[in-house]
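S.K.: Okay, here's the structure, questions in a sec.
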């Protein structure tokens, strides 16, 4: 079988492409496959960029001129090309464009996981209170009132601690 | 540090829950240092600084108490073959092995903990255990992360969680994955269907060596896609449940094969064993495929007297870099194929 692109060399590469649900199959020779590589390669940055362009909720398509991270200088364009941010502060300075993208790829924009002891501040305590409240609810439903009382006291302790911290600041 | 590349990694032990199908469990945490550009924008001085800070942090008493002794090795000091072995043992990524600039890896003696320094993120802490032990791996990673956080300032945001170079990792920075051997699903042509269904429950499926690689030797890697908006426990519980479900599906397919195609199955296993114990030339791809058949035979108790540990070790030992390292010289692909066959014969013959 001859390569479907150049019709000269024998085909040795089988490529399946699915674009918007349309499946196309190509039989190519090594050289044509290599030449078509940039189109065929799946890249996360391009994928991310693609997602951005189709973001329906995003009304301002063109980023305002000079939208850059004030810490590392990365522009939104650069992120758009590489899919990589420049520094932790990019999340802050490029938030207007970045947050919709994060919501889109993650399905959420609120961290619910682990909170580091030192950098996490009050969040760690607030999280613990949330977790205990859920536990309390469960214990009440299971009619384990003794355990529930213990959990309730623990919640009070933590709330007091938060209150003291808040007052002291 | 003396890097003992020939030793076996913890994950190769081949025992634990669901060990008949689940080969290993991995937890990866992406962490970055505050006030420092991400690796793609770092200059050499900054790269060296990150390595130095990580090197100091792992020597802190708290880290030792939490997870034992960790040792740092800069990649510059390793030969290309030595770097490649770390990839073949799944301890570092191909990107870290091939990347330019100052990079390092931190290892615990049993290789259950490894930390890539200056890969896509400043730190990528990984815990790799045998069989389905995601929760155990998470506990170990969590302990190491806590201890390191005492020494290093990680970039963290109350809303967005741990800040990472790529927004696909932001939040928990957690990628949990399991490596499964699914030959019966492949043989009964259900693999594609089952694995496509998985992507609908937030799970990504890849080949043996991660993103963009094929499933060699019927080994698939499944991992969580979402890192933000769920707790680590939720992510791990979900992936564990999916892994158990997949393993059940594979067992059903195996029983079906045993019932409907018993002779073909036993023939296939027996032939694979026959070739492996008699061949004089073996490519790594052929070896992996045959090892997959032999592994199936061991797991279904068609072949006796062999254990998973040996097969896990063989999976690493047949790889090009490992072969050349143990031979003590560089070899052409053909020389490797000959040596691979000899080594497999010797180890399988016991």
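Backbone N, Cα and C define each Cβ position, glycine as well.
Keep in mind that TrEMBL annotations are predicted by a computer and have not been checked by a curator.
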S.K.: Of the ranges B:239-266, B:267-294, B:295-322, which one does TrEMBL list as coiled coil?
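M.R.: Based on what TrEMBL states, coiled coil spans B:239-266.
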S.K.: What mean pLDDT does the predicted model reach across the domain 'Phosphagen kinase C-terminal' (B:21-253)?
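M.R.: On average, pLDDT over the domain 'Phosphagen kinase C-terminal' (B:21-253) sits at 93.
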S.K.: If one looks at the chain holding residue B:177 (ATP binding site), which residues at least 6 apart in sequence have a CB under 8 angstroms from its CB?
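M.R.: Result: B:25, B:26, B:28, B:221, B:222, B:223, B:224, B:239.
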